Every structure is written in structure tokens, then in C-alpha cells.
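Chemist: Marked as compositional bias 'Low complexity' by TrEMBL: 8-24. If you look up TrEMBL, you'll see 546-658 marked as domain 'HIT'. The region 'Disordered' feature in TrEMBL is assigned to 1-42, 679-710. What TrEMBL lists as motif 'Histidine triad motif' is 643-647. What TrEMBL lists as transmembrane segment is 60-79, 143-164, 170-196, 208-232, 238-260, 321-346, 358-383, 412-430, 436-458, 470-493, 499-522.
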Amino acid sequence: MTRVKGPTGDATTDATETTRLLATSSIESRDGESVASSSGSGWDGYKDFEGLPWWRRPSVFWLLGPYVIFTLAFGGVVIPKLNLILDLVCRQYFADKQTHDPDFTLNPALLADPQRKFGSDNPDAIVVPRIGHLSDRYGRGRLMAFASVGGVLAELITVLAAQFPEVVSYRWMILGSVFDGMTGSFTAGSIMCYSYTSDCTPPSNRAVALGLIQGCLFAGLAFGPLLAGFFIKWTGTSVYLFYVVLGCHTAFALFVWLVVPESLSKRKQLAAREKWEKEQELRVQTSGSWLHTIRTANPFAPLRVLWPTGPGTSPALRRNLVALAADDAIMIGAPISAGAVIILYSELSFDWGNLESSLFISALSMVRVFILMGLLPLINYFGRIRPAARLRRESGVAAVERNSGADNLDVWLLRIALMSDVLGTVGYVLSPSEEFFVTSGMVTALGGLGSATSQAIISKHVPSERVGQLLGAIGMLHALARVFGPVLFNGLYAATVGFFPKAIFVLLTSIFGIGLLASFLVRPHIVWHDEPEEEREPLNPGTFDTAAEQVPIDEDQVFFTTPYSFALVNLKPLIPGHVLVCPHSPHKRLTDLTPAETADLFTTVQLIQRLLARAYFPSPEPEAGSFSVAVQDGADAGQTVPHVHVHVVPRTPGDMGAPDAVYVKMAGEEGNVGGALWDREMERPKPGGGLKRVDDEDRKPRTEEAMGEEAERYKAILKEMGVE
């Protein structure tokens, strides 16, 4: 008997030869029950920050306070700034025009302030994707602060123009918008916040974290105008408000630069820089320097990340990324673009004033805040957290979180959000009364689920070193929507207000309908398999290498798949429950597998053991029986088929006579052939070693129907275990 020392060095526990040296999961409770780590220790995103004090570890909660201030300033200054511009430019113009020409009609497009939006959003569309890509290589914090510098300069010019209109012309405010656009404006700041959140949040909780960020945005839009109104009433002028907004922008920039911990470790930043440099060298070599220059000068070049090619990509990945980008642009761009004309329509149809319009906008924003900060976390808890905890308790294996694309919950949340947008806008079209119109608006607010979900899904599709680049491209689409969307909706409203003012809602319904159809193109569990370079080479490259291609397998006989492995039933099982676990790539030897493939293969073996325990043991715990787990690696070990496969055989007393008889019987070639078909077309290793060929005539091949029924049985058990 051995004395095992506890973490303090004192002998605390008696251990014998039968004592387990390792817990069944990464964290085990004192009573032996596996428990989940509340910190998400199963996710490798935390590894670079282990051992650091709390003030140096990145978290979404670092951003919530400053981002609320940022969005309050953004939401509160919109109307006062518009009024300031109108006062400075045309204080008496419209009144005089209407006095001399009673038939004069105000063009509603003017209320959207298009000249300033173009000045800000046009550079914005070019700058945002580049900031996103840079942040993958140099970190999020500094570029998040940089995005606020333009806002600081713009508000400084606004303060000067408001305080000294005789000295500083209102035309200088256009230059402020250009400054704002050149640093990415509000769009770049938001994209950096989303990228930061994706860096430090596990995939299972990412939609909730992004929902908190977007909840802050809508809280700012809800309370910003209200607070600004009270502040102006208290001070008697809007000039002091611009000083406050200037201070908010400055405080946000300083806080995220000096206080917020960086979410990308130096290791990841350096790896991303090295990878980018190699990609640039390869592009120059393959396309020539002049062609490379033309491509990089293309303003739409950042959108190429939505159509990736090369190792690890697939047509399904490209389809998902394009569909998700379109849906995200629709869910973000359409409400922003149509917001002004929706207010104009409501004021025209229901005789609303500033108070009613403000209450309507605030109510919509508050419903979105409740959905993002209250409803979405509940859905995530009951749809992901609890099932995962139950799986850990029942299987004893703590799942390792990694980006694996959208799951089924993600996809259905996206579709439900878009469906609510469609139903709400149809309600706008059919609304016979003010109450029906407001109710329809509340239905559209449920679409707030979609924006957080879509960006979480997008970040799950790509490696961590490409999140900023991808979200930067998404930000470019947002900026373009902010440029061209108001032109489209304002123009349509101006053209139809005299005979069919609801035409804008028909257009909105059509746009959201297209987004809903696009959401049905999104398939779960599609991901960009972009491994680190050190994991791309096999441990023993050479004679036994095979092409790493997807293997032809009989899907009816496969009952579980992972990104690198699959489990299938056997053609001629030694005993009931004898199954195989294989890598997707038909490697001949175990040492040909990459580290990622090896880890995934044996993690899958552990899960299949727990599945078989439920199916064949007296109780569902693996300790209720035994297993024979074997890999015949090479001809001298009895390998008779040319691909790596792991035998998993549930054992009970007396099932095969002598306990070791299973290893002799595994030398029978047909006993090693299951639903995997590629092994029948490849040259087999020559049998050698001390094992004789086994006469397996007593093991007759099973029918495809019998094998399919067994696979369906295992799928049902996996579903009970909470594994999809």
C-alpha cells in the first residue's frame, strides 16, 4: 500500500494497486461524482491564461460597463446632433419655404442625414474589415481603443462647432465624420467587442455572452435618448451634452487600452502573424507581385474570407458562411435602415409626437434587452448547459469544448428569430390600429435572438486566428447596409407615401423572408478544420502514409461521428457489442495519425465504452463489466486490413471461454471488416508474428438490415445520454 500526497504535500489518502490514479474527468468531486467546471476548463481557450490573477484574465464582463457607457453616448447623441445640424444649416430655411410655398413637402430622406452617414460609413466599410484582420495579429484591446479615436475627434469638432459657430463652420463636422469613419466608427468598436468576447468565451456559452454585449447596445439605445433629454432639460442647452459624449468616448478608449486584459495571448498573436506572412509570400509567388497588388487594393477583397478554399474547407462551409453573413447583414441592417421611416409612418398614421415615438423605440429596445439578457441565457441553460452536465454525470467524461460549427439549437434559434421578424413585418402591413402596430413591433423585437446567435455561429465555423478577419468582413456588410439601406427605404417611402405608405413594410417582409430561406441552407456541425502546423504532420511520416480524404463508409452502419473519427458496427462480431472505432482518414499505422486525430480517436473509444456499458452490462456504469480494447498495429501484431481501427468489445464472465481468446480471434480478417468499405480495395499487410489465422467459419456475415438495426439501437442510447 502506498501513501498518496495531497496538494499540500501531506499524506492524505491510502492507495492500493486497485486505486485509480486519475479521475474519470478533469474535475471530480470529493464523493466521486464527476462534476462540470464552472469556468469551462474543458475549453483550451483558457490555457494561455492559467495561473494569472483575475485582473489579467480576459472576460466578457470587463467590457459590459465601458460598452454600456459607449452605447449610451452613441444612442443619446443621435437626435441632439441631428437637431444641432439642422439648427446650424437651415434654421429658418424650411419655415420660410413653407410660408412661400404651402404645397412644399419635406423629403423624408433628409431626416436620415445622408451626407454625414456617407461621410462616416463609406470609409467605415473599407476600414472595419482591415481592423478586424489586424486584430487577429496584434490583439483586440489596442484596436478597440483606436476605433474610439475617430469618435473623440468627431465629438471634439462637434463641440467646437456648437460652442463657437461663428468661428468653426458647420462644414467642419463632415471632416469629423470622415475621422470617425477612418477609424472604423461604432461598427469597428462593436466588431472588436464581439471578437474579444469570442476569444474568451467557450462555444457553448458564446451566444449568451454576445447577447450580453448586444443587450448593452439596446440598453444604450433605450436609455440614451431618455437620459440625453433629461440632461438637456436640466442644463437648458444641448452643447454640454456633447462635452459629456466626448468624455464618454475618451473614457472608453482609455479603459479598453489600459485596463481591459488582452484576449489574444502573445503566442496566438505571433502564430497569426507568422501564418499571415507565409500566406502573403505564397500569394506573391503564385500570382505575381503586380496581381497581388491589384487584389489587395480591391475594396471588396476582405469578403473573400466568406468563401474560403484550401485545406480544411468544404462546399458546405462556404454555403454556411455566405448564408450566415447574409442573415446577419439582414437582421442588423434592415432595422437600422428602416428605423427612420417606420417612425415617420407611425407619426403620419397615428399622429404620434416625439414622446410617443421615443416611447415606442424605448419599448422595442427594452424587449430586446430582456430577450438577450434574460430569455437567451435561459434557453442556453436548458438547451446546452444542463444536457452537458447530465452527460458528464452519466458518462464520467468531461467533454472538451472546441469550435465544431453550429449545433441544432443554434440553427433553430436563428430560424425562429427570422420567423418572428417576418411575422412582425407582416403585422405592420396588416395593422388596422395603433395597438396592432405596437404589438407587431414587439414581435419583431424577438428577432434580437438572431443577431447574437448568428455572430456566435459564425465564430464557431472558423479557427480562433480568423475570428477577427471574419467578423471584420461581417462589419463591412453592416457598414454597407448603413450606407445603402436608408437610401433604399427613404426613397421608397418618399415615392409611395402619397398612395401606399405601407410599401416599406412589404419590402421589409420580403427581405426578412429571403433571410429566413437562407437560414435553411445552414447545416449544423460544419467547421473549418485548420490545424496548427505542428499537428498537420503525422508522427511517423513515410511508407505507410495515405491520402487524408474522407473515407467511403456505409452510413447505415455508422452510429457516431466526430470531426476526426467514427464508430460503426461489425460485419462479423466476435460477440454481441463488438464494434470498431476508426479515423476518417484511412491511415495504415497508428503513428500515421496526427495528434488531433489520435486524441479524438481515443476520446471516442472512451465514449463508446460507456455506450456499450449501458447496452450490455447489468448496470450502466463501465465498472459493472469489462472491456477488451485492442489495436493491431502492423502485420506482426495480427493486423490484416490496411487501416487503423480500434476494437471495442464488452466483456462479461464466460462470454468467450478464456479471457484472452478474443485476441486470437481478432486475427481473422473478416472479423475486422465492418461498415468501412475502403479496406476492401487496398493492399492488405501480410500476416506474420505468432498468431495463426483463425478459422472463423462459425461467424457468419450479418445482413445489412441486422447491422443497421444495431446501429439504430446505439444511436438511441447515445440520444438518451445527451450525445448527438
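Cβ atoms here come from the backbone N, Cα and C positions, even for glycine.
Note: TrEMBL annotation is automatic and uncurated.
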Chemist: On the DSSP side of things, how many residues of the motif 'Histidine triad motif' (643-647) fall into helix, strand and coil, could you say?
Modeler: 0 helix, 2 strand, 3 coil
Chemist: Which listed stretch (60-79, 143-164, 358-383, 412-430) has the most C-beta pairs under 8 A with the transmembrane segment (170-196)?
Modeler: 143-164
Chemist: Could you tell me whether the transmembrane segment (499-522) and the transmembrane segment (358-383) have 3+ CB pairs under 8 A, leaving out pairs under 6 positions apart?
Modeler: no
Chemist: Mark yes when the transmembrane segment (321-346) and the transmembrane segment (238-260) have three or more Cβ pairs under 8 Å (sequence separation 6 or more) and no when they do not.
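Modeler: No, these stretches are not in contact.
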Chemist: Report the DSSP secondary-structure composition of the domain 'HIT' (546-658) as helix, strand and coil residue counts.
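Modeler: For the domain 'HIT' (546-658), the helix, strand and coil counts are 34 helix, 27 strand, 52 coil.
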Chemist: Can the transmembrane segment (470-493) be said to touch the transmembrane segment (321-346) if we require at least 3 CB pairs below 8 Å and skip pairs under 6 apart in sequence?
Modeler: yes
Chemist: Note the mean pLDDT of the domain 'HIT' (546-658), expressed as a whole number.
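Modeler: The answer is 81, the mean pLDDT of the model over that range.
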Chemist: Between the stretches 60-79, 208-232, 321-346, 412-430, 436-458, which wins on the count of C-beta pairs under 8 angstroms to the transmembrane segment (499-522)?
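Modeler: So the stretch in question is 412-430.
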